[in-house]
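Summarising the annotation, TrEMBL assigns transmembrane segment to A:6-26, A:38-56, A:62-80, A:92-112, A:124-146, A:166-185, A:191-210, A:242-261. Sequence annotations record features per position, and here TrEMBL assigns domain 'NADP transhydrogenase beta-like' to A:12-458.
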Amino acid sequence: MDTQTLLVYFAKASYLLAAALFILGIKRMSSPVTARAGIKWAGIGMVIATLATFAITGAHNVGWIVAGIAIGVIPTWLWGRKVAMTDMPQMVALFNGMGGGSAAAIGAGELLKFSQPGAPVPPIATLALAVVGALIGSISMTGSIIAWAKLDGRMDKVFRFGGQQAVNFIVFAASVLAGLALVAWKLDANLVIVFFALALAFGVLMTLPIGGADMPVVISLYNAFTGLAVAFEGYAMGIEALIVAGMVVGAAGTFLTQLMAKAMNRPISNVLFSNFGGGGSGEAIAGSQKAIEASDAASLLYMAEKVIIVPGYGMAVAQAQHKIWELSQALIKAGKDVRFAIHPVAGRMPGHMNVLLAEAGVPYDLIADMDDINPEFKTCDVAIVIGANDVVNPAAKTDKSSPIYGMPILDVVDSKQTIVIKRGKGTGFAGIENALFYADNTRMLYADGKEAANQLIAELKAVEGGGGH
Amino acid sequence: MIDGFLALYIFMLAAFTGKEIIGRVPVILHTPLMSGSNFVHGIVLVGAMIALAHAESPLAIAIGFVGVVLGAGNAAGGYVVTERMLEMFKSSKDGKK
């Protein structure tokens with residue numbers, strides 16, 4: 001065997017090892033005990049695969065390769081290190097878009113190579129999967145960038161115009177037709193460019209009308225898309241590691257997307273095409289919001305026996321999770337039954353709240369999922385809603401005209417008393433009014449989440465010290 | 001090149017694997033898991049490196065270079081973000097900081 005053959009074997013063996021490490025790594029990431037080891041295993045797999053690739057790339061363009069890796073790794077590594085925990089969802093969207101873009105670039109390179117005059121005609125399966133991978137990767141890239149911009153507050157939450165769905169459909173159909181033409185009719189460089197322009201445009205158009213409340217589902221969907229694109233380009237290039245890793249992520253991501261869509265009681269098609277989650281109307285709400293001072297709120301808590309805390313994205317923005325846990329500890333010390341109720345899509349990604357509460361040190365057994373906690377609200381003396389809005393909006397159950405009708409919610413409205421900690425009177429991410437905030441047994445504590453928790457801790461001490469007001 | 005039906009089997013088995021290994025994941029790990037799987041498809045970097053290594057024309061080199069930059073960004077960013085999320089699970093288990 002010559003050296004070149006040996007090097008190829010070495011690289012292929014390394015890819016096999018890397019693929020095994022990816023699967024074991026993801027498997028370990030699905031349990032809290034082994035999760036930290038899981039990402040390390042997957043990371044080792046990535047380093048092995050990347051280094052082994054240098055064995056088969058040879059010296060040609062190696063300077064470009066090293067420079068490209070450095071330019072790709074260094075800024076994202078530094079950025080990822082320092083970004084605030086609350087900004088994680090949009091970072092995941094952005095990095096996912098990069099992966100989709102990379103897969104699309106591979107597809108573009110392959111297609112341009114095939115379309116050169118005199119180039120050998122590729123097998124139909126290779127060509128077809130290169131086209132499909134490029135289509136999905138392009139959609140994932142521009143779609144993820146729009147998702148990132150929306151979550152990062154860089155663009156309006158929704159963007160709509162008349163006949164939007166028809167336009168979207170035409171652009172999508174045109175990109176599929178262009179792809180079909182590349183496979184079945186003619187490999188032409190101009191057609192390749194038209195194909196990519198249409199695919200990239202469709203990613204933008206598809207994401208523009210989707211409102212913020214649905215972003216978790218959309219990011220997860222694009223994550224699955226990128227996985228599939230990677231798998232298909234892996235086939236086109238004949239690299240097994242890309243097929244296995246991409247397909248595993250594609251399947252896991254699709255499954256996760258289904259779980260999320262199910263949690264919102266909406267089929268995925270609904271999320272994508274029903275224009276949910278933006279400035280919807282819903283019924284007007286009678287009555288007014290009733291404010292409360294921190295001292296009075298503390299008295300309510302002092303007299304309560306059972307307290308349920310409902311965190312939402314507002315808690316993340318205010319970085320209030322540590323103070324909220326401090327408040328909870330004070331309540332637990334005073335003999336109260338305190339639990340946290342987590343809606344599956346509270347925050348910007350599923351499990352977002354769990355991550356933040358874990359950061360603050362809240363034990364798992366105090367954190368309850370929606371289905372477990374919902375019957376408990378009836379016997380709850382005081383529910384504290386901090387920074388949550390749409391996930392506690394009773395309109396989801398009662399108001400058929402509301403854009404969130406049908407979404408499962410936390411039944412905070414059943415609680416005997418509710419204290420809502422909120423910075424102002426604005427609406428939530430879905431842009432709709434919340435009847436809970438106008439209910440007779442709801443009091444609004446207008447303050448920043450962290451500040452409010454601080455005041456409540458201090459006032460609670462005062463109430464305890466003074467034997468109650 | 002991989003034989004057609006063999007490739008289909010690889011696709012199918014990898015898809016079942018993906019569904020199975022996250023089948024029992026608790027809600028608490030959904031976000032880190034999504035981030036972790038986002039990191040894993042950073043393997044696209046390997047494909048982009050090979051594409052760039054075979055590129056001849058300036059246009060092909062430019063496209064391959066963009067692919068490598070984006071792929072490397074996906075892998076590096078995905079890893080850092082996932083590891084930071086999972087670090088917090090440690091701090092909660094080891095008692096309070």
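Numbers run from 1 along the shown chain.
Any Cβ shown, glycine's included, is placed from N, Cα and C.
With a cut-off of 8 Å on Cβ pairs spaced 6 or more residues apart, the transmembrane segment (A:191-210) and the transmembrane segment (A:38-56) reach fewer than 3 such pairs and are scored as not touching.
Away from its own ends, the transmembrane segment (A:38-56) comes close to residues 7-8, 10-11, 14-15, 17-22, 24-30, 62, 65, 69, 241 of its chain (Cβ-Cβ under 8 Å, at least six residues beyond either end).
Here the transmembrane segment (A:6-26) has Cβ contacts under 8 Å with residues 38-46, 48-49, 51-53, 55-56, 239-241, 244-245, 248, 252 of the same chain, all six or more residues outside its ends.
Simply put, out of A:92-112, A:166-185, A:242-261, A:92-112 has the most Cβ pairs sitting under 8 Å from the transmembrane segment (A:62-80).
Beyond the ends of the transmembrane segment (A:242-261), by six or more residues, the same chain brings 18-19, 22-23, 26, 216-217, 220-221, 223-235, 267-268, 270-271, 344-345, 350 to within a C-beta distance below 8 angstroms of the stretch.
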